[in-house]
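Trainee: Can you keep this structure in mind? I'll have questions shortly.
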Amino acid sequence: MREPRHVPQLRASGRRFPQRGRRHRFGKRNDAMSWSDRLVSRFNGARDAGGGAAPRTAARAASGARAAAGGLASVVNGARPTRSRMLDFDYSLLWVSIALLGLGVVMVYSASIAMPDSPKYASYHDYAFLLRHCVSLVVAFVAAVIAFRVPVSTWDKYAPHLFLIALVGLVIVLIPHIGKGVNGARRWIPLGITNMQPSEIMKLAVTIYAANYTVRKQEYMQSFAKGFLPMAFAVGLVGALLLLEPDMGAFMVVAAIAMGVLFLGGVNGKLFGGLVATAVGTFTMLVWLSPWRRERIFAYLDPWDERYAQGKAYQLTHSLIAFGRGEWFGVGLGGSVEKLNYLPEAHTDFILAVIGEELGFVGVLVVILLFYWIVRRSFEIGRQALALDRTFAGLMAKGVGIWFGAQAFINMGVNLGLLPTKGLTLPLVSYGGSGILLNCISLAVLLRVDYENRVLMRGGKV
């Protein structure tokens, strides 16, 4: 005969202990209680009778409710996307730009420290050019902060107006007694404490206007009369005004920006090829018809010839000597000999030669890599904007990259003897108020494009 199963004794509360492993109604297993807790519960069972059972039940209910609420909250929080750690804009681009600006401050001071020894600057202090350069940097920083706060849509809206303002500036600089001439070129408008160079404004204006034009005329990009010809006329007009200064270097940069943006905007391939051929033919004709430009080409081809070494090729020969003295690691910061009134414009057009002499091949290579990074990031930001269907922003960003790439390439080519001498500064590095100002504004516009890209990718609005 089978023995009866053992039935647990009832406690004073009238309740049985749940069986081991049985799930509690609030989702908690009874065996999760430690042995000491169970022992205390057995001894205090009688005390729980009557009024003691209700508080304990309420406490358990509250604990279970809190657990359920916590679980629900964790489920909801798990379904919610985590906060984005995306930066507001590309800080690597910002720091590379700051590095070039900082290098420019050091090298401008080094390259200009001996200039007061010449009769032309005898009244200047040793740090006069450094002080002016630092003031230009402060003004450029303030302008860049303001430009960064301007939405890209505003630049798009007022692009034609900015182009017209820059065009008027190119006309004003040619008016006698208004435009300031230096070394036979009339490129500056005196503004009291500083000089403004309208060609620098035109570089930014044509970058923005070319992007705006390409977007407005997108359906006519395959047409010669409606798509290609109006922009070609605008660039030709700008080129004519720049050549009257004369400023061939600025014209080459402006033409490169306009042609590059049109090409990236989808202009007809045959029309673009015709534009390139026309530009090359125009430059060739200008060189051939101008005796002094022709002499400069001959001097570039053979700078060590006795006829040119002390004349048209004087800057080039001393620039090459500076690079030769620098070798791999340079003669040391401040140790340049060519800047001691041997190399003209050492703090502006030929500052790379001073960098090569004092910091050597390694220093020049670092400068090249920094500019490469700016150009690369410009195109990446532009491509990202195009992927977000922001055609104007994308073309404008790439236009900034073309601007910096073309001007840096021409300046470096001139310093290294790869290109004929042109009056172009090295962006962000060379001494100059207008150049530094417009370079910083253009980088601020580029960072604004990147900022808006990131806002849109986070699901925001601009």
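Numbers here mean position along the shown chain, with the first residue as 1.
Cβ atoms are placed via backbone N, Cα and C, with glycine included.
Heads up, here are the entries from Swiss-Prot:
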- 13-27: compositional bias 'Basic residues' (COMPBIAS)
- 1-92: topological domain 'Cytoplasmic' (TOPO_DOM)
- 114-127: topological domain 'Periplasmic' (TOPO_DOM)
- 149-158: topological domain 'Cytoplasmic' (TOPO_DOM)
- 180-192: topological domain 'Periplasmic' (TOPO_DOM)
- 216-223: topological domain 'Cytoplasmic' (TOPO_DOM)
- 292-349: topological domain 'Periplasmic' (TOPO_DOM)
- 371-398: topological domain 'Cytoplasmic' (TOPO_DOM)
- 420-425: topological domain 'Periplasmic' (TOPO_DOM)
- 447-462: topological domain 'Cytoplasmic' (TOPO_DOM)
- 93-113: transmembrane segment (TRANSMEM)
- 128-148: transmembrane segment (TRANSMEM)
- 159-179: transmembrane segment (TRANSMEM)
- 193-215: transmembrane segment (TRANSMEM)
- 224-244: transmembrane segment (TRANSMEM)
- 248-268: transmembrane segment (TRANSMEM)
- 271-291: transmembrane segment (TRANSMEM)
- 350-370: transmembrane segment (TRANSMEM)
- 399-419: transmembrane segment (TRANSMEM)
- 426-446: transmembrane segment (TRANSMEM)
Trainee: I'd like to know if the transmembrane segment (128-148) touches the transmembrane segment (248-268) in this structure, counting it as a touch only when three or more C-beta pairs sit under 8 Å and are separated by 6 or more positions.
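Mentor: Stretch pair does not touch.
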Trainee: Name the range, of those listed as 93-113, 159-179, 224-244, 350-370, 426-446, that has the largest tally of Cβ pairs under 8 Å with the transmembrane segment (193-215).
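Mentor: Between the candidates 93-113, 159-179, 224-244, 350-370, 426-446, the best contact partner of the transmembrane segment (193-215) is 159-179.
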Trainee: So, by DSSP, how many helix, strand and coil residues make up the topological domain 'Cytoplasmic' (447-462)?
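Mentor: Final tally across the stretch: 11 helix, 0 strand, 5 coil.
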Trainee: Answer yes if the transmembrane segment (426-446) and the transmembrane segment (224-244) have at least three CB pairs under 8 Å among residue pairs 6 or more apart in sequence, and no otherwise.
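Mentor: These two stretches do not touch.
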Trainee: Give residue numbers and ranges for long-range contacts of the topological domain 'Periplasmic' (114-127): same chain, 6 or more residues beyond its ends, CB-CB under 8 A.
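Mentor: Contacts of the topological domain 'Periplasmic' (114-127) (Cβ under 8 Å, skipping residues fewer than 6 from its ends): 339-341, 347.
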Trainee: Thinking of Cβ pairs under 8 Å, which stretch from 224-244, 271-291, 399-419 has the most of them with the transmembrane segment (159-179)?
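Mentor: Going through each listed stretch, the top one turns out to be 224-244.
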Trainee: Mind checking which residues of the chain, 6+ beyond the ends of the topological domain 'Cytoplasmic' (371-398), have their Cβ under 8 Å from one of its Cβ atoms?
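Mentor: That would be 90, 92-93, 96-97, 100, 152, 155-156, 207-208, 210-212, 214-215, 218, 260-261, 264-265, 404-405, 408, 427, 443, 445-446, 449-450, 452-453, 456-457.
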Trainee: Please report, as numbers and ranges, the same-chain residues at least 6 past the borders of the transmembrane segment (224-244) whose CB is under 8 Å from any CB of it.
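Mentor: Answer is 163, 167, 170-171, 174, 199, 202, 206, 209-210, 213, 217, 250-251, 254-255, 258, 262, 267-268, 271, 275, 278, 282, 286.
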Trainee: Under 8 Å between C-beta atoms and at least six residues away from its ends: which parts of the chain pack against the topological domain 'Cytoplasmic' (216-223)?
Mentor: 230-231, 262, 265-268, 271, 391
Trainee: Taking a Cβ cut-off under 8 Å, which residues six or more beyond the ends of the topological domain 'Cytoplasmic' (447-462) line up next to it in the same chain?
Mentor: 84, 86-90, 93-94, 147-153, 381-382, 384-385, 388, 390, 393-394, 396-397
